[in-house]
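Report on one structure; see the data block that follows.
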Amino acid sequence: MLPRLSFNNVSWTLLYYLFIFQVRGEDSQKAVPSTRTSCPMGSKAYRSYCYTLVTTLKSWFQADLACQKRPSGHLVSILSGGEASFVSSLVTGRVNNNQDIWIWLHDPTMGQQPNGGGWEWSNSDVLNYLNWDGDPSSTVNRGNCGSLTATSEFLKWGDHHCDVELPFVCKFKQ
């Protein structure tokens with residue numbers, strides 16, 4: 001036969017467990033780091049990265065070197081539609097509307113892969129998100145370095161010869 005529990009014993013037992021769970025809940029909340037990213041002045045945060053627009057015109061290689069002066073910095077790689085919209089909002093209205101913007105996309109095969117299959121992010125991020133402004137392999141004067149096209153409000157990708165000088169967006173950790 002089970003011992004008979006009084007109302008008083010049950011109440012104290014419940015209070016004890018509520019107290020233990022409350023204390024554990026507070027401790028676990030303190031251990032979780034903040035997901036907010038603080039970026040330097042002139043830069044804006046998206047997820048865990050900072051982004052900055054540089055309006056100084058540079059070649060693709062020189063632009064990436066300039067971005068590397070920031071912590072883990074490089075030209076921007078755009079991995080989702082949400083990130084594309086964010087970068088578009090960062091750039092729109094801040095550069096000459098006829099100028100494209102360098103991004104970290106390039107074709108190391110120099111156009112040898114059919115259907116634009118040689119394009120990749122320079123850090124080897126998987127190219128799952130595609131947003132070409134037309135087929136990059138079909139243009140007569142195609143380049144091997146990627147850009148955001150001004151005609152698409154900086155949402156779609158284009159290609160240029162890598163020595164063309166354009167403004168650019170850097171993506172970096174803070």
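Cβ coordinates are placed from backbone N, Cα and C, and glycine is handled just like the others.
Reviewing CYS67, CYS145, the cysteine that Swiss-Prot connects to CYS162 via a disulfide bond turns out to be CYS145. Swiss-Prot lists region 'Sufficient to activate EXTL3' for one of the ranges 70-85, 86-101, 102-117, namely 102-117. Listed in sequence order, VAL54, GLY73, HIS74, LEU75, PHE168, CYS170, LYS171, PHE172 are the same-chain residues at least 6 apart in sequence whose CB falls under 8 Å from the CB of CYS67 (disulfide bond).
Across the structure, CYS145 (disulfide bond) and HIS106 (Zn(2+) binding site) place their CA atoms 4 angstrom apart.
Here the Cα atom of GLU120 (Zn(2+) binding site) is found 22 Å from that of CYS50 (disulfide bond). Per-class residue totals from DSSP over the domain 'C-type lectin' (46-171), listed helix then strand then coil: 25 helix, 36 strand, 65 coil.
When the Cα atoms are compared, CYS50 (disulfide bond) and HIS106 (Zn(2+) binding site) turn out to be 22 Å apart.
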